[in-house]
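What follows is a short report on a single structure.
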C-alpha cells in the first residue's frame with residue numbers, strides 16, 4: 001500500500017489519496033525535479049490481469065498518446081514495476097463538472113462555454129481517429145481557471161477498431177447518455193455517437209437534469225430510440241433548435257461536427273484551442289508501448305500458450321454491459337428494434353473456457369454429426385450433410401468476449417427446418433456442450449464439483 005511521502009520511481013513524491021476504484025488508486029503527487037503537481041494513477045497489474053481489463057489499459061495509453069489538447073487531461077508519462085502500472089497525469093484541481101451541475105442548471109453563457117470546449121476537444125479527438133464513447137459530466141473535469149478537461153479514455157475506440165463496414169460494433173457508454181444506434185447494436189459511427197452524448201451533456205448543463213431520465217431502463221431506452229425529450233421553457237430558442245438536430249435518433253440526418261461548429265448559437269464567443277503535441281514519456285521497467293503490452297500480458301496463460309505453440313489466438317467479438325443487460329431476465333431489448341418474428345431466437349450460454357476450447361467443442365460436435373465446419377473471427381458455422389424437410393441444417397455459433405476469462409456463446413439456426421433443428425439441439429448439441437457451459441440463458445445454471453469458476457462480472461448502473 002502506498003503511503004503519503006513515498007518516493008515513486010525516484011521521480012515523484014506521493015501526497016494525499018484523491019480517489020480509488022476496484023483496480024486503481026489516484027494520488028496527488030509532486031514531481032521531485034520540477035515541483036509540478038500531478039495526479040498519479042496506480043493500477044494493480046495482477047487485478048487487471050485477473051479480470052481481463054488488459055485491453056482497456058492498453059487502449060487508454062494508446063489513445064492518450066494520440067490526443068494532446070488543452071481540453072483533454074494530459075498523460076505525462078507511463079511507468080511500471082513488476083506489480084504496478086503508474087500513469088502520471090495532469091492534476092485538475094476544479095473537480096468534476098457533475099458537481100457543478102448537481103447544484104442546479106447553469107446560465108446560458110457558462111453552459112455554452114463548457115459545450116464549446118467539449119466540442120472543440122471532441123472534434124480534435126475525432127481528427128486523430130479517436131472516439132470517446134463515454135462522454136458525461138462525471139468524465140468532464142474543471143481546472144482552477146474553470147476550463148473543461150475530458151478524462152477517462154478507458155472505453156474509447158480508435159478508428160482502427162472499425163470493421164470493414166466502417167462502423168464500430170462495441171456497445172459502450174452510460175445508459176442515459178448513449179446514442180440510440182449504439183443500443184441497437186447494428187454498428188454505428190463513433191463521431192455521430194459522441195455528438196449525441198455531447199448533446200445530452202448540453203441539455204443537462206442548461207436544464208440541470210437529464211433529457212432521458214426514467215427509473216425503468218426499458219422505458220429510458222424507448223425514449224432514447226425515439227428521441228423523445230422536452231426542452232424546458234427557459235431554454236433559448238436557438239439552443240432548442242440545435243438540440244433537436246443533435247438529439248436526432250437517426251444518425252444519418254443528425255447534425256455533423258462541421259455543421260454544429262458553424263451554428264450561430266454555438267459560435268457566439270467561441271475561441272478554438274490549439275492542440276499541443278508533446279511526446280508521451282514511458283519510464284521504469286517499460287520503454288515502449290509494446291513493452292507495456294508485454295508487461296500487461298505477463299501471467300496471461302492464453303497469450304503465453306498461443307506464443308509457445310505458434311498458433312494464433314482465436315479471435316472473438318466483444319460483449320459488454322449492455323449485452324449483459326439484454327441477457328438478463330426482464331431486460332429483453334429486442335422489442336425495441338425490428339425483428340423477424342418467424343426466426344427462432346438464438347440460444348445463449350456463458351462459459352469460462354478459452355475461445356479455442358469452445359471452437360474445438362463445436363468441431364467435435366460437427367465431426368460426430370458429419371457437419372461441415374467454417375471458422376472466422378469468433379464465428380463457427382456448421383453445415384449439415386443430410387437433406388431435411390427444408391434442406392440442409394445450418395447453425396451459427398458466435399463467441400463474444402466479456403473478459404479474457406469469461407465468454408458468451410450465441411447459437412442460432414441459419415438454414416433448415418426449425419423442428420429438426422430443435423430436435424438436433426436438444427438431443428445432440430446441448431448434451432455435448434455441457435462440459436464447457438457455466439450457465440444457460442434463463443438461469444439454467446450448472447456448476448461442476450471439480451471447479452467452480454467465478455460468476456460473471458457484476459453490472460452496476462448508477463443513477464446520480
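Backbone N, Cα and C define each Cβ position, glycine as well.
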Please identify the range among 421-442, 443-464 that TrEMBL labels region 'Disordered'.
443-464
Are there residues of the same chain, six or more positions away from residue 41 (ATP binding site), whose CB falls under 8 angstroms from its CB, and which are they?
24, 25, 26, 86, 87, 89
Reported mean pLDDT - the domain 'NAF' (314-338):
43
